[in-house]
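Summarising the annotation, TrEMBL assigns signal peptide to 1-18. Marked as domain 'Beta-hexosaminidase eukaryotic type N-terminal' by TrEMBL: 46-170. Sequence annotations record features per position, and here TrEMBL assigns disulfide bond to Cys81-Cys129, Cys302-Cys353, Cys576-Cys593. Look at TrEMBL and you will find 192-558 tagged as domain 'Glycoside hydrolase family 20 catalytic'. What TrEMBL records for Glu348 is active site, proton donor.
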Amino acid sequence: MITTTLTLLLLSLGFCNGRLQENYIDDFEETEEVELFAKPSKYGSLWPLPQKVQISEVSFKLSSSSFRIVDSKQSSAGASCSLLQDAYRRYIEYMFGGGKRQQLNKGKRAGPSEVTELQVWITSPDSECDGYPSVSSDESYELTVDQPYAVLKAPKVWGALHGLETFSQLVYEDQYGAKNINSTSINDFPRFAHRGILLDTSRHFVSIKVILANLEVMAWNKINVFHWHIVDDPSFPYLSRTFPQLSQKGAFQPYTHVYTPADVKMVIEFARLRGIRVVPEFDTPGHTQSWGKGQPDLLTPCYSGSKPSGTFGPVNPILNTTYEFMTQFFKEISTVFPDAYVHLGGDEVDFSCWKSNPDIQKFMEQQGFGQDYKKLESFYIQKLLDIVTTTRKGYLIWQEVFDNGVKLKPDTVVHVWIGGGSNEEMSRVTAAGYTTILSAPWYLDYISYGQDWQKYYKAEPLGFNGNQQQYQNEMAMITSSGYKTLLSTPWYLNRITYGQDWQGHYKADPQDFKGTEAQKKLVIGGEACLWGEYVDATNLTPRLWPRASAVAERLWSAKDVTDINDAYNRLNAHRCRMVDRGIPAQPLFYGFCPHEYKGI
């Protein structure tokens, strides 16, 4: 828990708290849980649930000695498509396991009918086998399971990858250990194009092995974006070819706790082979303490009175050298990361250091900014956006950039992570353990016609809900301005609580706000975030899974897929499948898995 001396936070003045939401250790208000009943779902263990699915009671056998995954004769992707060939081998292994389990199955009776092949048919002339997934990729597929073979049709390889996962989820063991699959018809596609997970590798270093393992699990959950929050205040583990001193001086350890160019290339290719985009985040001007260790004069010197205090604040926005550095750095980033987008952050800029610096005070006066340091922040952000635009990259930004009125390109994606209004702020501050006082509703310099004293009288410092979420208002404002947006507010998975908190994650919906259909279409999806204050390789995977799976279904499946009891039973089975595949996904509740996790 957070311990602190009495700290007065004047909400009217604003504050920077190091991403309060990510510093929560436990929920301040218990989430109401639905009492669930364990029983098999009619959809088996399918997760996320396909858009349209029909499963009959007619079952077929699958034999590890004879079953094959092959390219259809009509497919535009053949033996030269290594992406699919690699996937075929992976899914044969997932379905039948190693040699020991295959030997057990060889002696079993095949039964009256057997599925001997899954034929994969890529229908578009360009399969995109050698390309990278994008926000506009076609991820749809059709799957038909019948005797003597099953057919998986998809316009592009990305849909085929999802279809392979779905096929593997249809396979089950009978009481003798033999593999079976029922006659099935599926027509499937994602509800949202952007279904992401953010991992923070700055607050604790996360090894490449752990990152790759979680990319694998993302593919099992049809998550298609790895938001790599690769650097932040604590450390700079990205090894830049252009500025190697950034990690040499800014990483926890410059030789063991860095991501080399080869490491980054490996992550990107491993993700590509699973239909996952890698979107890096380099957050500025705040969250940059580690940058300053290796790049002199990048950060703002803070002052105590008339003398430098020896500490540094955000990026210095008034120096030409700052923008020269950013131009070279993001030119490198644009060549290293092939995705069309880069996340530029822009959140939680602490103005106190800027306010203390006499050079910045003089610059503010020259620019006519007065004492409005949001204008200075916008000045910097606008210059940065112009720099990134020259690299022909699109960008994502945290919502504060939009809130502060920065001029944005029409294709900007605004990432929502907090709510809005004084009630929400009160909730966040008190949840972090700080003492607070309220001024937001009592600005008496704001005058209006009529008896405005009444609204002052009605305002209540304790009139907030400890679990209030006002992100809906933010989503409505952003989309009404014509910008695309994605949501993370209800999906901060570093926040943990006793009980089945996955239910709250499952119930949240990115389109749950008041707006037109046109506005709703601007919501491209969402991300589950796992910030790293209390997370490293030892606990990352079980904390993430299967809680992130709840978010995955919300972002993939139809909007009306809301049966929490059916979800519990399918998710429980899906969790056991992840355990069987070697992932230490934590349990939903008491129970057991047919194949328990056996440890490292």
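Placed from the backbone N, Cα and C atoms, the Cβ positions cover glycine too.
Same-chain residues at least 6 positions away in sequence with a Cβ under 8 Å from that of Cys353 (disulfide bond) are, in sequence order, Thr300, Pro301, Cys302, Thr311, Phe312, Gly313, Pro314. For Cys593 (disulfide bond), the same-chain residues that are 6 or more apart in sequence and have a Cβ closer than 8 Å to its Cβ are Arg575, Cys576, Val579, Asp580. Looking at Cys129 (disulfide bond) and the residue listed as 'active site, proton donor', their Cα atoms lie 40 Å from each other. Compared over the disulfide-bonded residues Cys129, Cys576, the count of CB atoms lying within 10 A of a residue's CB peaks at Cys576. Neighbour density for Cys302 (disulfide bond): within 10 A of its CB lie 18 other CB atoms from the protein chains shown.
Per-class residue totals from DSSP over the domain 'Beta-hexosaminidase eukaryotic type N-terminal' (46-170), listed helix then strand then coil: 37 helix, 33 strand, 55 coil. Over all protein chains present, the Cβ of the residue listed as 'active site, proton donor' has 20 other Cβ atoms lying within 10 Å. It is 45 Å from the Cα atom of Cys81 (disulfide bond) to that of Glu348 (active site, proton donor).
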